[in-house]
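Among the features that TrEMBL reports, domain 'G-protein coupled receptors family 1 profile' is placed at 51-305. Residues or ranges marked as transmembrane segment by TrEMBL: 35-59, 71-92, 112-135, 147-164, 201-224, 245-263, 283-308.
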Amino acid sequence: MFNTTISNFNLTRNYSHFDWNRTTNLETFSNLEAVLIPITFSIIFLFGIIGNGVLLSYMIRRRRMTSPHNIYVISLAVGDLLMLTVSMPFMSTIFTFEAWPYGDIVCKLSEFFHTLCCSVTVCMLTALSIERLLIVSGRCSEHRNSMAIIAVFVIWVYSFMFAIPDLVSSNLYEDPGYEICVLYRHSWGEAYAKTMTIQKLVFLFIVPVMTSVLCYTATLIKLLQASSNSSTVQINTARENGKKAHIIILIFILIIVFVISWLPRRIYLMWYYFDPSPYNNYWHVMKLTGFCLMYANSAFNPLVFFVLDRDFRKFSLSSCQKCRTQQYVAVDSANSKNGQTMILTELAQIDEIGSMV
């Protein structure tokens, strides 16, 4: 994770294995981001927590853990919640505070969970793509749910192992007067940082996205072939293919959202570690945009389900209606209690006046 320190509105690239003199005056952006970035992250946090919380509630209350698709979605929502609650609140403060205020342990854990949750998200999306292809191809196993649970377990273990290097390498870099949380140790050299950047680009972006694209291409071909081969059960086949196509579109949109959310960040990191050109306003905007979008992805996922999944949309709206009803009941109850209290008080005053007369 790239961390910056803004002091006297001069932004310095704080990894000392790069040129310390790559600075630019960003007073305008610094004043603006000091206000907009906290507001943006607050909105992302609020909508992300509510959206993923409602999605989990929908899956659990409706006992939807009856298919690999739903098992993967639950795991995806858990990963998004971890990203929003464990990583984002701490890493977002690099735009608010001049120095890292949380200590070395929080620095390590925030970087670790950031990589862990990113890996879980992209792997779950890839698993959903593969699962759709297997269903359309008719290669589903009788133990689909068990295999999905095993796949989820393997994905979390893989993501945990993938994130361990960041847990080890991240530390506090001490600069005169303050400390900065950096992802790669200065003593490990520039080659290590570049290697890890390429590794994450390949395994957390290019490979899973390409795998998903290939799966969707093959899935669409299968669906088109099935629709062109009419049979006596044409109506049932059309309905079944329609449901499959709807789920495929939903997952495809999730992949598109992931690419849009993470591409600016990947572009920025590749420039940062491999291009010696000066840091300027363009790359500062790219950094801020990528930083916000990568966390916003965890809030976008439940929004995609809300728009494309009719049952989830009904559940969400009914949950909101219940919350409103409970609030109205609570307010009416409080008002009625206040009214009763006022009446009793007035009666007591009348009795007191009567006794005095």
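The first residue you see is number 1, and the count goes up from there.
In case you wondered, yes, glycine gets a Cβ from its N, Cα and C as well.
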Per Cβ pairs under 8 Å, the stretch of 35-59, 71-92, 112-135, 245-263, 283-308 packing most closely against the transmembrane segment (201-224): 112-135
Averaged pLDDT, computed only over the residues in the domain 'G-protein coupled receptors family 1 profile' (51-305): 87
Distal contacts, the transmembrane segment (147-164) - CB-CB under 8 A, six or more residues away: 67-68, 71-72, 75, 112-117, 119-120, 123-124, 127, 131, 141, 203-204
Ranked first among 35-59, 71-92, 245-263, 283-308 for CB pairs under 8 angstroms with the transmembrane segment (112-135): 71-92
Among 35-59, 245-263, 283-308, stretch most in contact with the transmembrane segment (71-92) (C-beta, under 8 angstroms): 35-59
Long-range Cβ neighbours of the transmembrane segment (35-59) (under 8 Å; 6 or more residues past either end): 65, 70, 73-74, 77-78, 80-81, 84-85, 88-89, 92, 95-96, 288, 292, 295-296, 298-299, 301-303, 305-306, 311-312, 315-316, 319
Non-local residues, at least 6 beyond the ends, that sit with Cβ under 8 Å of the transmembrane segment (245-263): 69, 118, 121-122, 125, 128-129, 132, 205, 209, 212-213, 216, 219-220, 223, 290, 293-294, 296-297, 300-301, 304-305, 308-309
